[in-house]
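> The structure that follows is given in the form of C-alpha cells.
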Amino acid sequence: MATKFGLAGRLAAWGERSQITPLLALFGLLLGVMAAFITPREEEPQIDVTMADVMVAFPGARADQVEQQLATPLEQHFSRMQGIEHIYSVSQAGQALVTVQFEVGVARDKALLELFDSLASWQQGHPQTSQPLVKARGIDDVPILGLTLTSSDLDLKSVADTLRAPLQNVSGVRDIAIIGAEPEQLSVTLDTTALAQVGLDISQVAQALTRQNVSTQAGYRLAQGEQIAVQAGGFIASAQELRELIVAVVDGRPVRLEQVATVSSGANRPSRYVWSRTKGAQAEPAVTMTVTKKAGENAVDVAAAVLQRLADLEQQWLPPELEVAVTRNYGQTADDKASKLIQKLIFATISVVALVLFALGKREAVVVGSAVVLTLATTLFASWAWGFTLNRVSLFALIFSIGILVDDAIVVVENIHRHLALGKSLKEAIPPAVDEVGGPTILATFTVIAALLPMAFVSGLMGPYMSPIPINASLGMLLSLIIALTVTPWLARHILSDHSASKADSQPTPDAEPKAGRLQRLFSALMRPLLESRKRRYFMGAGLIVLIVAMLGLAAVQAVVMKMLPFDDKSEIKLVLDMPEGSSLEQTNGLLLQLAEKLDEVPEVTATQIYAGTASPIGFNGLVRQYYLRRQAHQGDIQVSLAAKGERDRASHEVALAIRPLLAPLVEAAGARLKVVEVPPGPPVMAPIVAEVYGPSAIAREQAAEQVQRELAATAGVVDVDTTLVAQRGPDETAEEVWQINTARATQLGVQPEQALLTLQTALSGLPVTYVAALDQLQPVPVKLYLPANWQGQVRQLEALTVTSNSGASVPLSALLEPVPVPLQQPRYHKDLRPVVYVTADMAGELDSPLYGLFAAAGAIDLPQSYITQPPEWDQAALKWDGEWQITYETFRDMGLAYAVGLLLIYLLVVGHFGSYGTPLVIMAPIPLTLIGIMPGHALLGAQFTATSMIGMIALAGIIVRNSILLVDFVRLSVAAGKPINDAVIEAAAVRTQPIVLTAIAAMMGAFFILDDPIFNGLAVSLIFGIAVSTVLTLLVIPLLYASLLKRQQAKVNAL
C-alpha cells in the first residue's frame, strides 16, 4: 500500500520526478542574473517624500506684517489638503516662505497637483499678493555628481555655461546646476557728478532705459495682396548699444548713457565666493557644476556616462588650463558599496556551503549550495519586480537573510541525509524525509515571515528606508521554501548517492547514528534530573528570569547605549558657518578661508571647497534641513573631502569630533557659530537635538528659547547649540532702519514718492531696470543701475542724493526721507500653524547619543515639556522635543507594535498547526531568552543598541521559533507512536540538534559578514549573540517545558 504523504511529501515527489523542475530552476537563475544587471544601483534607498517651498513676496512689509497678513492665512489654507505631514513657515521682512511636507508615500505628481489647485484657489481670494513661486523638492533634487572647475586664467562661468548643454544631453540627466558663478548681468554704475551737470536723476535714467528697450508685434500690412508681418521697435542687443542709448536731451544735444555712467559686465559687487583648495595649497576661484538624475535611473550609469562625456570634451576642445575635480560621485560610491556587499554575499554563501560540506559531506554541500544560489537569484528578481534598487539596505537584507534562507534547504537535506544513513535508497528516502520535516518547515517559514513582515509597515521616513529588509527577507523565505520542497529533492535525487551519507558500503552500519547516540547520552545526563524534579525546573526558570531582567538593566546603567542609528564612515563632512547677522560677505569669506587653512592640520583631510554667500551642493540631509536657502552674506559652507577609507586610520565620525575643537578658537573669536554636519546614517532630521519652543507671544517664546539654549549649552557633551533667533550685534549698534517718507512734503515739492524710493534702492543694492537680448546668450541679460560702492553706509551722502521734481528742480532725499532706527524684528517661524522658535544642538560626548543629552537638559529646564505632540499649553511658554528623539520614538514604537503583531501572528499560526492553545506558548517561550545574548553582546563589543539591533531582535523571534517547532513536532510524533514522554524529549533534542545547530551557525555566519558595517553592526550583534545563547537554551528549555505540558495534559486525561 502506497504511503500517504502530506503537502510537503507530495511536492517533493513531484519535484523529484518532474522533468520541468530543472528547467524552472534554470529559468529562475537567469531571471536573477538579469535582475543583477538591470536593477538600478544607489547608495541609499529612494524615499518617496515630497516637499514644496512656496515663496511669496510682500515688498516693504516687516516680519510681523508678513506673518499676520500673508503666512498665517496661507498656512491655514494649505492645512485643508489631505496627506499633509507638516506645514512650516518663516516670515521675514518683505517675504514669506511656506514649506509643505507631504506624508511619506504620497505620490509626487498627486501631491503637487493638489498643492497647485489649493494655491490657485487661495490666489482668487487674495489678488493683491504677488505671484507665488513654487519649488517642489524631492530625493531626485539631490545631486549625484559634483564637478568643481578651477582655473587662474579662464572665465569659469562661460566654461560652465558651455559645458552645460553637452552634459545635459546625457541620457538620464535631469538637471545641471552651476554654483558659484555670479548671475550674468550688465552693471550700470552712475556718475552722480555727471548726472548733476546735465540735470538728471536716477529715476529719469531708469525710465529712459526701460522705455527704449521695447519691441512688439504691431500686426500686418497689405502689400500687393499679401500680408506682411510688422514688428515695431527692437531690443537692446549688446552692451555697446546700451552705452549708446540716449537718456536725455539737454540744450538740444543728446546725452548718451556712457556720458553719465560706466557699463560693465558682471555684478557691481560680488554676491558670493566659491573656492577650491587642496591640502597645503592656495585657494583658487572655482565654480561647481552639479548633476541630478531622473527618477528611476541608475545613478551608477548616469554618473559614469557624464564623466565619459566630460572626458571626451576634454580631449576635443576644453582648454588644457582648466582643472576639473570630481568632488562628489554618488554613482561611484553606490557602485563601490554594491560591489563590496555583493562580494560579502558571495562569501557568506560560500561559508554556509562550507559549513554543510564539513557537517554533512560534499554532495550535500553541492545540493545546499545550488539551492541557496537559486534562492538568492529569484529573490533578487523579486526585489527588482517589487521596485527596490540595489542599495546598501536591500543588499544587507540579502546578506543578513542568507542564514535563514538556507535553513529550509539545510533541514530538508539533513533529514534526507539521516534517512540515507538508516540504509534507505534515494527513492525510498527522499519523499518520506521531506514529508517528515515538511510540515514544521512550512510552519517555521511562515513564522519567520510573520515576525519580519510587520516591520514593513513602520511609519515615517524610517519605514521606507528599512522596508527592503522585511520585504526582501520575506520574499526570500517564501521562495526558499518552494525551492526546498521542489528543486532540492530533484537535486538530491541526481547528486546524492545511496548510503553516501554513511560513507560506507550499501549495508547500513550496526550503529547508524553514532553521533546521535552520543548526543542522546549527553542530553539524558543534562535533562533527566530536571525532568524528574519540579523544584529543579522552577529553580532553573527563576534563574533565567533573573538573567533576562539583569540583561535589560545593562541599558539602564548605560552599559549599552541606545541610539537611533550610528554614524557611517563617509568620505565627506560639511561645515556650516553662520556669522553674526549683518556681517559682510568679505568677512564671511575671510573666516571660511582661515578655517579651510586650519583644516590642513587634520591628516585625513585632502581638499576643501569653500562656499561664501551661497550653499554647497546639498545631500538628502541638506534637502530636509533646507540648506539650499542659505544665500545670505553672513552664511557659508565648507565641503571637506577625506582620504579614502583604506588610506586613513580614523572613521569620518572620529574626524568630525576632532575638527570641532580645532576650529573653535577661530569661530569664537569672530562671534560666529559653526556646525559640523555629517552625512546621516538614515533619514535626516532638522538637527540631532531640536527643542520647539511655543508661547503666547514673541517675547515669551524668545525668553524661553534663550533659557533652553543656556541649559543645552551647559549640558555635558552637547555641542553646536544654535537657535533661529537672530543675535543682536550690540546695544549701541543699529540692526535695522526704516527710511520714512514725508508724503505731504513730497507732494508739495512735486516729487513722486516712488522716485525717492528707487533712488535709495539704487544706492544701496542696485535697481533692475531692463535687459539686453544678446544673441550669444542663452537668456536675456539683466541690466542693473548702481551708485559707486562708497555710497553705501554714508548717510550724509545718501541724503544728498537728489530727485527731479515736476518743475525740474532738484530735491535732496533729506527733504523727503528720514532714517529712523527700529528694533530688530526676529524672523517669525511657524510649525503646523503655531508660532515657534527652534533651538538646535548636537551630541559629541562620551555617550555619543543625542537622547542622553536631551534628557539631561530636559531635567534642568523649568518649562512644561512634551515629547510626542505639540504642547497643550497655549497661555504660557512650553516646549516639545524633536529631532532624532522624534524619529527614534516613532521607529521604536512602530517596531514594538510590529514585534507584538509578529508574535500574535506566530501564535495564531502555531495554534492552527498544533490545534492547541498551550503548545504555542511553549514554542514561543525562548523568545525572551534572546535578550540574554543580545544585551551582553552589545556591551561586550561596545556596540550601541540601534534600530538595526531591534530588527535583529525581531528576526530572532521567527528564527528561534522555527527551532522550537522542529523539537516540539518531533516529540509530538514520538509520543503519538507510544514512546514515553521523557525519552521522547531527550531523543528530540539529540536528533534535532544537528539541523538546529547547523541553521543557527549558518545564520550567525551570514551576520558575521555585516559585523564591520557601522550601521548594521547592531543587527549583526543581535543575530550572532542572540542565536548563540538562545539556541543552546532552546535545546534545554523547550523539551523541558513541552514535557511538563504533556504530563499535565496526560494527568488531566487520566483524572477523567
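These residue numbers are counts, starting from 1, taken along the chain as shown.
Glycine is treated like the rest: Cβ placed from N, Cα and C.
TrEMBL entries are annotated by machine, without manual review.
Feature table excerpt (TrEMBL):
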type     : residues  : note
TRANSMEM : 341-360   : transmembrane segment
TRANSMEM : 367-387   : transmembrane segment
TRANSMEM : 393-416   : transmembrane segment
TRANSMEM : 437-457   : transmembrane segment
TRANSMEM : 469-492   : transmembrane segment
TRANSMEM : 538-561   : transmembrane segment
TRANSMEM : 896-914   : transmembrane segment
TRANSMEM : 921-941   : transmembrane segment
TRANSMEM : 947-968   : transmembrane segment
TRANSMEM : 989-1011  : transmembrane segment
TRANSMEM : 1023-1042 : transmembrane segment
> With pairs fewer than 6 apart in sequence excluded, do the transmembrane segment (469-492) and the transmembrane segment (921-941) have three or more C-beta pairs that lie under 8 Å?
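These two segments do not touch.
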> Which bits of the chain, at least 6 residues beyond where the transmembrane segment (393-416) starts or stops, bring a Cβ under 8 A of a Cβ in it?
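Same-chain residues near the transmembrane segment (393-416) but 6 or more away: 44-45, 337-338, 341-342, 344-345, 348-349, 352, 356, 360, 364, 367-368, 371-372, 375-376, 379-380, 383, 429-430, 433-434, 436-437, 441, 444-445, 448, 465-466, 468-469, 471-473, 476-477, 480-481, 483-485, 488-489, 492, 496, 952, 955, 958-959, 962, 966, 994-995, 998-999, 1002-1007, 1009-1010, 1013, 1016, 1019-1020, 1023.
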> When only pairs 6 or more apart in sequence are counted, do the transmembrane segment (469-492) and the transmembrane segment (367-387) reach 3 or more Cβ pairs under 8 Å?
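Judged by the Cβ rule, the two regions touch, with the required three close pairs present.
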> Looking at the transmembrane segment (367-387) and the transmembrane segment (437-457), are there 3+ C-beta pairs under 8 A, with each pair at least 6 apart in sequence?
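Output no: the transmembrane segment (367-387) is apart from the transmembrane segment (437-457).
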> Does the transmembrane segment (437-457) reach the transmembrane segment (1023-1042) with at least 3 CB pairs under 8 A, where each pair is 6 or more residues apart?
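Contact between the transmembrane segment (1023-1042) and the transmembrane segment (437-457): absent, because fewer than 3 Cβ pairs are under 8 Å.
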> What stretch in 538-561, 896-914, 989-1011 has the biggest tally of Cβ pairs under 8 Å against the transmembrane segment (1023-1042)?
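Result: 989-1011.
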> Which of 538-561, 896-914, 989-1011 shares the most C-beta pairs under 8 angstroms with the transmembrane segment (341-360)?
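By the under-8 Å Cβ criterion, the transmembrane segment (341-360) pairs most with 989-1011.
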> List, by number or range, the same-chain residues at least 6 past the transmembrane segment (538-561) whose CB is under 8 A from its CB atoms?
530, 847-849, 852, 928-929, 931-932, 934-936, 938-939, 944-945, 1033, 1037, 1040
